[in-house]
Each structure stands twice: as C-alpha cells, then as structure tokens.
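Report on one structure; see the data block that follows.
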Amino acid sequence: MVRTPLTPASMVRTPLTPASKVGRTPAPSTPGGPKAREEKIFVTVRVRPLSRKEQALNDQIAWDCTDEHTILSRNLNNERSTVPYIFDRVFDPTCLTQKVYEEGAKDVALSPLTGINATIFAYGQTSSGKTFTMRGITENAVKDIYEHIRNTPERDFVLKISALEIYNETVVDLLNRDSGPLRLLDDPEKGTFVEKLVEEVAKDSNHLRSLIGICEAQRQVGETALNDTSSRSHQIMRLTVESCLRENSGCVKSFVASLNLVDLAGSERASQTNVDGVRLKEGSHINRSLLTLTTVIRKLSGGRRSCHIPYRDSKLTRILQPSLGGNSRTAIICTMSPALSHMEQSRNTLSFASRAKEVTNSAQVNMVVAEKQLLKHLQKEVARLEAELQSPEPSSSSCLKSLLVERDLKIQQMMLEMEELKRERDIAQSELELERKMHKKQKGSSRQIVKRLPFSTENEPVSAKPSSLSGTRNKMRRNTMMRQSTDPSMLVSEIRKLEQRQRQLGEEANRALEVLHKEVSSHRLGSQDAAETIAKLLSEIKEMRVVSSIAEDIEVREKTSLKEEISRLNSDGITIATLEKQLENAQKSIDKLMLSLPSNDGTTESKLQTMRKKTTPFPLRNTTNRSHIIRSPCSPLSSSRKVRESEQENQSPQNEDLVPGADTLLEPCKSTPRREDCNGISSREGTPGQRRPNSVNVKKMQEMFKNAAEENIRSIRAYVTELKERVAKLQYQKQLLVCQVLELEENEASASETGLSVQSPMSWNLVFDDQRRQIIMLWHLCHVSIVHRTQFYLLFRGHPDDQMYMEVELRRLTWLEQKLAEVGNASPALLGDEPAGSVSSSIRALKQEREHLAKRVTSKLTSQELEMLYIKWEVPPGGKQRRLQLVNKLWTDPHNMEHVKESAEVVAKLVGFCESGEQISKEMFELNFVLPSDKKPWMGWNLISNLLQHL
Ligand SMILES: Nc1ncnc2c1ncn2[C@@H]1O[C@H](COP(=O)(O)OP(=O)(O)OP(=O)(O)O)[C@@H](O)[C@H]1O
C-alpha cells in the first residue's frame, strides 16, 4: 500500500529527500538483522550462451561451470594451467534471469524494505549480458517490492525513483535530460550526492515501470562491432523506499533506504570493438572509470581500509562509494561470454570478481525521524503527562511523585552523611597535624613548644619547612608567627574552636556510653565477680555522663573578654582531665568484664591479650557506623537478647548430655522458656519430653552468641580507647592554648609597663609599620608585580581600617613565600589559575612587566622629569636601554623605605594611577584573598601585569 509521501512532494517530480529533514540515527533494532552487520559483497558469475555472431564464427566454448559455485577454463589453447574460480554462485548459460535474481540478487534487492541500503550491479565485458541481466533483476525486484508492500499493511511505504547516467565522465539525469550535466557535491551527512537530480515518487508499480522505461530510453546506446545496442554509459537507477508504521501507532521513526541498480558500461578493447571517433572516446572514458572501479575493489579487497581508496578518481566510484566497502549490502553479477575469443576479457572479469569477493561492507538500518510526526508525538506525550499530573486519583504520576520525594530524601540523607564525613575528616586532619607537630616539637625546647598555634584554620600547615631562601625570610617567618601567636582575637577564636570540639567529644562520649550502658546492663552473668564489675561499670558510666554534660553546659557568649575566656578555659581543663580519668576507669572495667566471661579456649590472661590485640580503633565516630554496630547481629542491643534466648534454648534437661558445660554459661536463665531463636529453630515450648533433632548446633549457637557479646564489648572498648586518645589530644591543645594565653598576658603586661595598650592607635601605627616592612620584604622575595606593590603601598597607609587588608596581604605572602620555597622551579602553578607558580615563572613575569613599563617611560614622563630621574637613580648617560635600566632599579631595595616610596611614585606615574583619578578600591585586595586550601583563582598580580599590556 503506497500512501502519500511523508514529505510534501509535488505530484510529478520531487527533489531528493532534503538532508535537513531527516536526522539519521542508527536503529535500535534491525527488523532484518543486527544493527550494523559486516558482510562481504555477494559475488556471482553469469555465463551467457554463445551469441549468434560467436556461433557464426565457430567460436568455441572455453568455460565449464563445474558446479553451482565453480567455473573452470577449458584451456583449449593449452596456454595456462586451469585454475578453478569459486564464487557465491555461478550461473551457467542455461540459467534464466529469474534464477539469477532469486539466488544472486533478491535478498539484497529487498533489503531497503527493512531500512538497509543495497546495490546490485553488473560488471563484465561489452556484450557479455549486463544490460540483459540487470533488466531482469530490476523487473523482478520491482515486482517483489510491491508484493512486500501489499503483504505489509501495517506500514506505509513511499517509493521514489531517480536515475542518472555517467557518460564520458558527465552526469546526466535520465528523468530530466534537459537539466544538462549535473554536479557531484559532498555533504558531511549525506556523503556524495548529485545536485538537482530529480527524484520522482512512484504512485504504483505501473508508474514505476513506466519511469524505469523512460530512463532506459534516455540512456546512451551505440552500435559497436560486438554489440548492436551497446551501452555507452554507466547507468545508476535508484529506488528509495521510505516506510513507517501507520500513524495511529504514534510512530515517529521510519526506515529510509535505497536500492541502486547499476548497469555498467562494458570494458572493451578498441581492437575488438572496431571503434573510432566518438565510440573510441566513449570507450576510453568507460575503461578509465572501470579501471578506477577495479583499483578501488583491489584496494578494498586487500583489507586495507585505512589506506587511501581512490573513490574520487571517477564519478562512478564517487557515487558508488557507500556500496563499495560502506553502508550497503552489495551484490555484483559478473557477466561473461563463454567464447574462446573473449577468453582474456573473461579472465579479467573473473579476476575482478575474485577481488570483489573479499570486500566487506557494513550495512546498517537507516532511520529518519520525521520532525512533524515527532512534534505531534511529543505534544501528545506532554498532554498525557499533564493530564496525569492533574489527575487526583493515584496514578503513575503520583507514583512518580512519591519516587521523586523518596529520591530527594535520599539525597538529603546523603548530604547529611557527607557533611558528617567532612566534619570527621576535618577533625582527623587537625588531630593528625597536632600529632605531627607534637612529634616535631618534642625534639625542640619546651619553650618552643608553646610558641605556635594553628592560625585559625585547622587545615593549614603549621610547621614551617626548611626554606631554601635567605635567613631574612626565616626571621620574617618567625616574626609573623609571633605576630600571629599574640593576636587576642585569634586566641578567642581558638578557644571557641577547642570548646566546640570538646562539646562534640562530650556528645559522642555520651552516645557511646549509652550503648555501653545497655550492653553492660543486658549481661546476666552469674559470677559474683562479674556482678560487681557490672555494678561498678554502670556507676562509672553514670559519672562520665555527668562529666561530659558539664562540658556541654559551657556557654559561649558573643562578647566574652579574653580574661573570661582564659579563666573558663583553665577551669575546663579539670573537666577534660576528669573525663580522661573516667574513660581510663571504664576501660579497665571493660577489661575486667571481658575476663569474667566464660572462656572455652585458653587462660584469662591469653584472652585479655587476644582482646587487646583485637582492639583496633573502631570507626565509631561516624553515626552511621555506630548505628550499624548497634543494629548488627553482633550489636549490644540485639545480640545480648540472642545470648539470653540462646541460654534459654539450651536449658532443657534433655540437652544436658548433649551440651556438656553449657550450664556454666546458662545457669541464670534456666527457668525462662524460649519461644523462638533467631535462626528460626522452632520453639520446643510444651514439648518437654522431646529431644532436639538438631541439638548438635546448640553448642555452636552458644559460642556464636558468646562471641557476639565479646565482640560488642570489644568494640565498645576500642571506642572508649579512641575517645581517650581524643580527649588526650584535646588536653594537649588546651595546654598549648593556655601557654599562648600566658604569653599574651606577658605581652600585655610589658605593653602596660611602657604605657602602651594593645589596641591603642599608637600600637597600631607600630604594628602597621612592622607589617608593611614584612610585606615589602615578602614582595621582594616572591618577585611580586611592582605594579601591585605600588598600588598596595599607595592605598594602604596606616588607617585603622587597613588592618584587615594588611593581615590578608601578609598572610597571603607568607603562604606564597612558603609555597615558592617548597616548589622552587619544579612545580607548575599552585596558585589556582595563577601562572606564576614557581620562582622562575614569577621572575619571568616580573621581568616582562619591567620591560613593558620601560616602554611607557617616554609617553608618561616629560624629558625633563626623565633626565632628573636618570640622575637621581644613577642611570649613566649614553648607556643602552636607559629607560629599562631606570625601571630595573625600581623596587629593588626592600630595606630602604625611602627607596620604596620613590619607586612607588615612579611606577604610579608610569601606570597612570595618579592622573586617571580612578583609585582602585581597597576591597579589590580583600577579594583577592585566597586561602591556601582554596583553589579559586584570584585576580592577582600577573593579571595586573596583563592588564597593563593593554593600557
Ligand atoms: N543470458 C543471456 N541469454 C540470452 N541472451 C543474452 C544473455 N545475455 C546477453 N544476451 C544477449 O547478448 C546481447 C548483449 O547483451 P547486453 O547488451 O546485455 O550486453 P552488455 O554487457 O550490456 O553489453 P554493453 O556493455 O555493450 O552494453 C544482447 O542481444 C542480449 O540479448
């Protein structure tokens, strides 16, 4: 059933399906086979009967078709040894075209119906029967295609036809000869195509046949000695089949594929065909393009697809490119004359056929998405979904909603877990840092231990690595440390942090103790010793909870004075020490409890040792892990119950002989009947006389439960140990802080002695001067842009508001200086996107900046000013590059404040800070601040240099 085409088509002639309309996609499934299948070209040989002329000339039959696949020369001239040629199919002279079609072409011919491109072409010497064969193939194919369409009512089909001939390397439209020579164009999507080639829609089979008839009639035919109606051109007829499921199915995709029916002009020898003039010219073109075809086939058959395949050497091969090693199923029917007189030509044909056999194509289903239909389909889908969303009754949309809610919850939960993990990581990092520091400091003097505290962030490396730079730098770093260590606001922040950590620790301890409490209270061990241990442990746990709650009660007021902070901190020390002590006691009690558990293997001492060995730090810090432990089969909450149940299970008198020694463990629970055990063993309640059939497992169960109990206690012990360690670290941190506070008090005292207050304006001026000197030195050491130095120097002159900016700059430079010392010239950028990531790159950038500034000297300074500067900066007269010499002298002496001031003035003039009146805001410097841990780029020093290039 042929329906109106998917594309608007004129009734008579339609252009080729526009590429823009279709989006080619690989098909999800292939009705006729796999997605993209590799397949060799199907090669058959057809031997025609001797022609009348050949018979008349008493030409001999030189070939035997020994079976359906083999052809053998008779070697009548005894020239060569006979070699059999084997092909997919060999048709002897008696075979009818119908058979040739059925067995050599049909399968390929019908591929377009399932979206796979196909090509069938006839190759052979002139008058060998190519046109004769292709006519029959075309006729049969058309018949079968229409039959298939009739038998497939669920799909709509559109058939289009176009045809061209290549005559003397000129492409001519056989359906519109008047259009003259056509151009071949290349399209990235479609490949090579013929511009303006007419494609007509076949309304039915008769219409198609008539169109085919027109094409044949239009073809160049001429008389030669060998063929009265010799085809003088290559003809390519293209049938395009579009098919899709009927509209009501909502299908938006359709198959589109073409069947190329190619009748080549025959290879010929001028001597044989007795041609001259026009025919000779035709023949030479024919032979040339056939030669290219042969070369293409030869190269492809060698399996060297990666090597150059000369498709572009002829129009024939350009057009047939997809059929030769591309996205197409291809069948070649090689025709030949059986006559001895054509022996050589026939051999050539067979040789070509043999090569063609080796060529592999990879055909795939071609689908197009009809935009209009797709749009319709999507509109329908949207309407359906909207309706579902509005529908009040439970439907798939509500199910979807609940799924979404569930997903959101999961995401939230995961985010919380992530937060928790991050917090854990931060704590761990800070602890690790502290440990490292402690280890280092232990080697130094006790005075040095208390000098340094983390500078507000726990992640920041606190220990200064040995620097390769000058001693000045070390001195400066020490100064910076000192400055940091005596900052009261820093201390307050440190104290707060410490307190927060202490509270967290207290909370965690509480939770752990809760678990411990439950675990301990769940044990019903008979011995007096164990009972006492439990009682002691319980009271200790209670005490500990009181202690940790004291830690929780600490109130952190916003505006607490440092003195208050210090005194509170000192009193907190007692709390921490108490907590430490209590944890120690708890640990001992747990050990004792473990010893009191009955043992089947070894002495109590060996058990204790095993237990200690096994006491690996358990990851209980994470709440998820904690809850996992609590809920696991070995958890304090579940396993204890199981232990009891197990005990009850085994207290039957009938079991005594089966489980020797079980009573020792299970004695206190003998009277309690058991209903059901955790392994689903059925209850024996009410069947006292019955023997347990699986009583051998009872012992195993006992052991399992006992092990579970031990495991739980061990876990708790490990956790208590860990808590203890953390408390110790906290204690250490506190000690450091206290020392810091003492140092501060000392400073305060000495300041008050000299009549200076820490916060007085006078002291700020001193601090400012000190910081500025440090900054200038660090600029110098880090080879920072002199434009940046100038800007900063001129902007920040000691106003109290500058404090923060000075701090930031100093901190950034300290970090940078440290980093540069670490990486030297070896490492690439460490400053986010900052290109100056190593000493050498910083020096290079600074050099470029100076060179650029030197270029601005003449434009920004009058000759008088310049001469004065030359004198002042001692640039010798008559020297080379005096301007650069001058700029190179700027910002070179960090110790000389006069030099710094004058350098800043000169650079400001060169850059134009003063004349533009556009003062760069101070905030810019604040924004530039980047924490070492933060990888965000800052609009920093080199950027200023870059900007400068464009001034
Ligand atoms: N299998 C066949 N059985 C009978 N006659 C055949 C057969 N094959 C070809 N012929 C006849 O041989 C003659 C030449 O055939 P055809 O024109 O098809 O050859 P061709 O290879 O197309 O030649 P050219 O390359 O010159 O066009 C025709 O008269 C045709 O009818």
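Using the three backbone atoms N, Cα and C, a Cβ is placed for every residue, glycine included.
In TrEMBL, the region 'Disordered' annotation falls on 1-37 of the listed ranges 1-37, 297-333, 482-518. By the rule that a residue counts when its Cβ sits under 6 Å from some atom of ligand 1, the binding-site residues Gln125, Ser127, Ser128 yield Ser127, Ser128. Thr131 (ATP binding site) falls within a helical segment according to DSSP. Gly124 (ATP binding site) falls within a strand segment according to DSSP. Within the same chain, the residues at least 6 positions away from Thr131 (ATP binding site) whose Cβ sits under 8 Å from its Cβ are Ala122, Thr229, Ser231, Asp263, listed in sequence order.
Ranking the binding-site residues Gly124, Gly129 by how many other Cβ atoms lie within 10 angstroms of each Cβ puts Gly129 at the bottom.
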